[in-house]
C-alpha cells in the first residue's frame, strides 16, 4: 500500500510483488483487498504463523514455497500439507532419513519424515517413561495384574485421487521400518514394506486422475516393543471398489494384477492359465487403456511375487491365487445368450473358468442363467433374462475378487504377526480416500464422503482441543472458540431414519427400488422434517443433494440398492464352496451373524446375501473412529496442484477447493478465531527490541514486553500475555512490523542528517587544507628557483678546479706506471730462477722416501703370512677333535631325551594357560600399561616355540585360541576405545609377524619360517580380526559423536556476542500444535566434539599405530561430521543466515586446526570438510549481482547444483541490514550451473552411511628375540627366554 486509504476514496495505490504500481478500484469499504503479510513471513513454513489468515494469504504462501522454493511440504498447525510435485525429488533417500532421525520437527524443514519422526519420538519417550513406572509399580506392590495404559499414535493421510496419498503412506512406513528396525532376524520391517507392492497390485488401478490410484482405504497398525523395535503389524481395509472388476470408465484400467498376469502369459508356469492379451478380455478392455507409460507390468508382477515370498507365501500358493484371478478374467468372457435361458455349455471361457477353479461346468452354466425361488413352501427354478444373467455373472466375479482381496489381507496380517510377542501400543497409518465430487456421483462417492464427514468431525474436535490445551498451558483468560460442527450432516446420514436406515429398509422390501427409496427421502427430510443439509434438485426426481462440510454434492440414486445389497445367489456360492481351490475364501461367510440392524433379508430372499454393504461400512468406519479416538492423531493432507499432472504447475482454484475439502482452511479459521500469532518473550524481544523501553537485556525480556506492549497496541483484546509466550490476534504482527519500520525510518533520517553534517565538515576541512597546501607549494617554488641559481655558480667554480687537477694527475700516473712495470719484469726473472732450484731438490728427497717405504712393507708381509698359516693349522686340529665328540653325542638317545625333557609338559601348560586367558581378562589398567604390541609379540614367540617342537596340532590349537581370545576381548570391550585400540595394534602386529615368517615372505633371507601348513588361513583370520577391531573403534566414536555433531557445529555459540547482534526471525519459532520440549543439561559445544576425537587420537597414539591407519580413521570420522552437519544445514531454514554461517565457519576452523596440529591433514580428513566449508561461504558471500553469481559458481565446486539452489532458497536474513535472495538471482545461478560440468552426484543430501575402504599396509617388524621384551613375571613364560 503506497498511499493511505480514507473512506470514500475510489482507488487504492498498490505496489505488486514484481514492483509494478497499479490503481485498484474500490467501490465500497467491503471491496478493499485482503491485507498481505509482512516480508518476515514470506514463505513461512507454518500457515498458522501468518499474521493475516485468509485464503489469498494461504494460497500465496503455498505458491511461493511450491514454485519459488520447490518445497512441497508446509505445516498448517498440526497438519502437514503435501503438494504432489508430479516429479521425482531427491528428498527421500536414506541420507534424508538419517538427517531427520532424532531431530525436533520444529527445527527442521516440513517433511513427511518430520511427522513420522515426531510421532515415533513422542511414542518412544512416553513409552520408556511408562514402562519405567510400570516396573516401579510391580516392585512396590508386587502386583502382576497392574495395568498401565500405553498410548498409541496414528497418522491420517487423506486427499483426492492422484494427490500422493499412497506415496506418502509408503514413505511413512519406510521411515518407521528404517528407523524403528525389527527385533527378529526375520525382519518384520522388511515384511511391512513387502506388503506395499502386493496391495498396490490387487487394490490400485489407473484412473483419469491417477495412474496408481488406491481404490480402497487402509489402516496399518505398526506394533512396537519395549525397545522401540517393530514387532508386528496389522492392516485393515475399507470399501474396496469391486465394481471396477467388471466395469471401467473411458481411459481407465482394471486392477493392476490382471494386466500383470496377462503380461506374463508366456512364462512356463503361467501357460496353464490360458491367458491372452488384456485387450482380449472384457474385464480389462472396456476403458481402452491397456498400458501405462513408464510402467512394466511384467517386472511389476515379479516384484509382487518376490513380496509374496518375503511374506511366506509359497510359490504353489501364489499360483493358486493367480488361478483364481485368471478364472475371473475368463468368467467375464462367458457368453450369455440374449434369451437368458441358458449359456453356451461349450463356451471355451466357461470351460477354462471351470477347470481353473475345479467346479462343474454344466452346473455353473445352469445356475448362471437360472434362479431358485421359494413359493408357498415349494422351491421353483425360474430362468433369468439376458440382462439379469449378465448381472449375476458380474456379481459373481465381484464377489470372488472381494473374497480374494479379504483373504489376501488376512494372509498378510498373519505374516506380519510375530510369535510370542504382543504389542500393547502401535503407530497407525491411515491411507484413505478424500472428499470426492464428480459430474455423476453414486453409492461409492456417498460412502466416501460420509467417511470424510466423520474424519472431519474428529479432526475439528482434535484441533480445537489442542488450541484449548495451548491456552490452558499458558494460563490465558480465554472464551470458548466456536467451530463448525458437522454433526447434523452426520445424523442425516447415519441417524435414525437417516439415509442409511431408509436404504437398508428399502433393501429389505421385496419390490424395493431406487425410485421408491428416493421418494422416502423426500418425504422424510423435505416434507415431514426439513433438514438443513438435505435438498432436492430442481430438474430431477431421481437424485438428492447433501450439503457436506466441503461442498454441495448431488447424488444419482440409480444403482444404490443393488450396490448396497451386493447380491450373489447362494447356488453359485455353493458350487464354489465345493471347489478345494476357493473353498477357503468363503469359509468366513458362515461365521457372520445373521441379525444385525435388520439388514439381512428374511423369507424367500434370505439366501441372496447377508449384511448390506452400507451396514458393514458403517461398522468398520465406527471401529476406525474408535481406534483413532483412542490414539494421538497426526494429519497429512495431500493436494493436487493441477489436473494435468504437469510438474510444478500450480492451479489456485483447484488448490483452494482441496484445502476446503480436507479441512486445512478450517484449521486456519479456528486458529484465527483465537490468537494465531505466538512469540516467546525472547523472540519478541529480539525482533522488536527497538520498540521496547526499560532494560535492554534478554533476562528482562518478559518485563519489557509487559511494560511496553500496552503503549504499542492500545486495545488489550488484541493481545494476551502467557507464561512463556505473548499471543496476538490476526493482523497485530503486521501492525508491529509497521511500527518497527516507522521507528527504523525515523532513525534512518536522524542518521542521514548526522552523516550529511559530518560529510560537510569533512569537505570544509579538505578545502582549507588544500588552500594552505597551494600556498606552501608556491613559496617553495620561488625558494627553489633562487637556490638553483646559487648552485649553478658554485658548480662552475668546482668544474674549473677539478679539470685542472685531472690534467696534472694524469701526467703523474703515467710516469709512475712506467716505473712499476720495469721493476716487475726485473724481480720476476730473479724469482723464477730461484724456484727452479727448489723444485729439483724436493724431487730427489721424495724419491728416496718412496723406495725406503717399499722395502719395509715387503718385509712385513712375509712375516704376517707365516703367522696366519701357523694359526690356521692349530685351529683346524682343535675343530676336528670337537666334531668327533659331537657326532658321538648325537648318536646317543639318552642325550636327546635329556635335551627335550619336560618340553611336552611345558607345551601342555602353555596351551592350558592360553585357554585360561580367554576367560580371565587382564585388568584394563594393567593391560594398557603394557608396552605397545607386547601381547602379540609374546603370542608369536609361543607360536614359534611350539612350531619348533614339530607338533603342528598344538601349534594350530594355540593359534586358534589366540584368535578366539582376541575376539572375546573385543566383544567384551565393545564400548572401550582404549582396549579396542590395544587389540587392533596387537592384531596388526601378530598379522605382520606371521606374514614375515611365512615361506613366501622369507625367501632367501636369514629369517626362519614357520612350518605350519595352514598358516595362510590364520593370517586371513587375523586380517578379518583387524578389520573388525577397526570398525568397532569407529563405531564407538561415531555413537558418541552422533548426537552432538549438529548441536556443536551448527547451534553452539562459540563466538561470544555474535548471536546477540542478529535478530531472530519468525521462521525459527516453534510450530503451532507441537509439544513443548525442554532441553536438559548443557548444550554440546565444539570442545566436546574435539574431546571425543582427542580420546580416539590418544588411544591410537598410545598403541603406536601407523600414521596411515590414524589418517584413515579420522578421514572416516570427519566425513561423518561434515555430512551430518551439512545435511542438517540443508533442512533447517533458521541456520541459513549470514551470522550463523560465520559461527559455523569458526567451529569448522577449530576442527581444521585440531587436525593440522596432530598431522592428520594428509589423509584427506580436512578435504572431507570442503562441502560444509563451501556451504558456509555461500551463506557469507554476496548474493545480488551477476558477478556474485559467477563467483559463487566458481567457488562452490564441491556442491551440486541442487545443493547450491537449496541453500539460496533457504537463506533467511539475520538482520535488517541483510536481504532475501531474489528469485532473479537464483535463476541466474541456475543458468550458470547448467553450463558447468558438474561432477557431483544428483542427490540433495550427503550419504552419512558411506564407508571408505580401509587398507592395512604390511610393515615388516624387526627380528623378534625374547631378550628384547620386558615380559612381566606374572605371565610365567620365562622359558621363552631359555628357548
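From the backbone N, Cα and C atoms, a Cβ is placed for every residue, glycine too.
If you look up TrEMBL, you'll see 42-741 marked as domain 'Myosin motor'. What TrEMBL lists as ATP binding site is 159, 160, 161, 162, 163, 164, 165, 166. The region 'Actin-binding' feature in TrEMBL is assigned to 621-643. The domain 'Dilute' annotation in TrEMBL covers 960-1235.
Structural mapping of features recorded in TrEMBL.
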residue	record	contacts (Cβ under 8 Å, 6+ apart)
159	ATP binding site	82, 165, 434, 637, 638, 639, 640, 658, 662
160	ATP binding site	209, 434, 435, 436, 638, 640, 658, 661
161	ATP binding site	207, 209, 210, 213, 214, 433, 434, 436
162	ATP binding site	84, 207, 209, 210, 213, 640, 645
163	ATP binding site	82, 84, 434, 638, 639, 640, 658
164	ATP binding site	82, 84, 638
166	ATP binding site	200, 204, 212, 214, 431
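Here the region 'Actin-binding' (621-643) is broken down by DSSP into helix, strand and coil counts: 9 helix, 9 strand, 5 coil. In the structure as shown, the Cβ atom of residue 165 (ATP binding site) sits within 10 Å of 27 other Cβ atoms. Within 8 Å of the centroid defined by the CB atoms of 159, 160, 161, 162, 163, 164, 165, 166, the record's ATP site, lie the Cβ atoms of 84, 210, 213, 434, 638, 640, excluding the listed residues themselves.
Looking only at the domain 'Myosin motor' (42-741), the predicted model's pLDDT averages out at 83.
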